[in-house]
């Protein structure tokens, strides 16, 4: 399955991406816009 996350950079987007990379086999930052990151994590 896939998990999609929308998170603000100031709320910890970089560390969230690092955490997801430990748990999921594929993690992509789909878009960064106006301080928000759209992240897709795939098993």
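From the backbone N, Cα and C atoms, a Cβ is placed for every residue, glycine too.
The domain 'Methyltransferase small' annotation in TrEMBL covers 1-39.
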DSSP helix/strand/coil residue counts for the domain 'Methyltransferase small' (1-39):
14 helix, 19 strand, 6 coil
Integer average pLDDT (0 to 100) for the domain 'Methyltransferase small' (1-39):
97
